[in-house]
Amino acid sequence: MQPESGANGTVIAEFILLGLLEAPGLQPVVFVLFLFAYLVTVGGNLSILAAVLVEPELHTPMYFFLGNLSVLDVGCISVTVPSMLSRLLSRKRAVPCGACLTQLFFFHLFVGVDCFLLIAMAYDRFLAICRPLTYSTRMSQTVQRMLVAASWACAFTNALTHTVAMSTLNFCGPNVINHFYCDLPQLCQLSCSSTQLSELLLFAVGFIMAGTSMALIVISYIHVAAAVLRIRSVEGRKKAFSTCGSHLTVVAIFYGSGIFNYMRLGSTKLSDKDKAVGIFNTVINPMLNPIIYSFRNPDVQSAIWRMLTGRRSLA
């Protein structure tokens, strides 16, 4: 690493990412596992996206949001895993500060859109189950696009706030990050300037973002649960609970790992637990989402099968 001179002393030009494991003998195993996870995640999500685009019977609001979620999952894992695999191959751990902040921005952009999209999906289920007579008008294509556009706009603002807050900090050594990608807790820990204001800002933004999202999702599903319990058909009740259960599972995993990550802001000592949470955020979540949401869904399964075999739906 070549430090460069700044107005406030020596300012580091790059960070050293230690990765998941420091044992050289285990690096090939890590490479194969993460390459496999990456290919499975990208392949699964792109298959769902293609099915949603091609199959007429999947041209509904629920699958429109699932298609967008698939794009986000591919983006989220592509921000972190390919660069980690590249470092494993080249055995170079140095990452320029600019590249680190860029990774931070895009990671929080995709995760932020995911967060807001989960609200839209909960709202969609609320309308479909609790307001079925007005569902088609309240969840029109225009409304769907507006919800997705609003999700991107809010997430962009959130990611930009995080990135600007980190860019104002001074990093003058040490520059070793015990992680496999750049994220907030690790950068805050390495800063040689006061991080109190930045941490308060990030806590406030994170609390508003996560708190509002969770409150809206919980309120939606309280109404959904009450409506489902009033359904007389056992089959209809089972189908509704299956769809909502998949969404709630993803919500629990997503917010659970995200809240833990934010709670690590201000921590003076970061451990391997943070790497485990990082794996959940960047690899496990994007890989599980297609399985939880769609591969359990017979409509999606049959749509993907028809697409792979060259048969088209007549719907």
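Placed from the backbone N, Cα and C atoms, the Cβ positions cover glycine too.
Feature annotation from Swiss-Prot assigns disulfide bond to C100-C192. Among the features that Swiss-Prot reports, N-linked glycosylation site is placed at N8. Per Swiss-Prot, topological domain 'Extracellular' is recorded for 1-28, 83-103, 162-199, 265-275. The topological domain 'Cytoplasmic' annotation in Swiss-Prot covers 53-60, 124-143, 224-240, 296-315, and the record cites sequence analysis as its basis. Taken from Swiss-Prot, the feature transmembrane segment applies to 29-52, 61-82, 104-123, 144-161, 200-223, 241-264, 276-295.
Contact between the transmembrane segment (276-295) and the transmembrane segment (29-52) is supported by 3 or more Cβ pairs under 8 Å, counting only residues 6 or more apart in sequence. In the three-state DSSP scheme, C100 (disulfide bond) falls into the helix class. Across the range of the topological domain 'Cytoplasmic' (124-143), the DSSP-based residue counts are 17 helix, 0 strand, 3 coil.
Note on the topological domain 'Extracellular' (83-103): mean pLDDT across this stretch is 91. In terms of DSSP helix, strand and coil, the topological domain 'Extracellular' (162-199) has 17 helix, 2 strand, 19 coil. Summarised by DSSP class, the composition of the topological domain 'Cytoplasmic' (224-240) is 13 helix, 0 strand, 4 coil. Secondary structure of the topological domain 'Cytoplasmic' (53-60) per DSSP (helix as H, G, I; strand as E, B; remaining residues coil): 5 helix, 0 strand, 3 coil. Cβ atoms under 8 Å from those of the topological domain 'Cytoplasmic' (224-240) belong to residues 125-126, 129-130 of the same chain, restricted to positions at least 6 beyond its ends.
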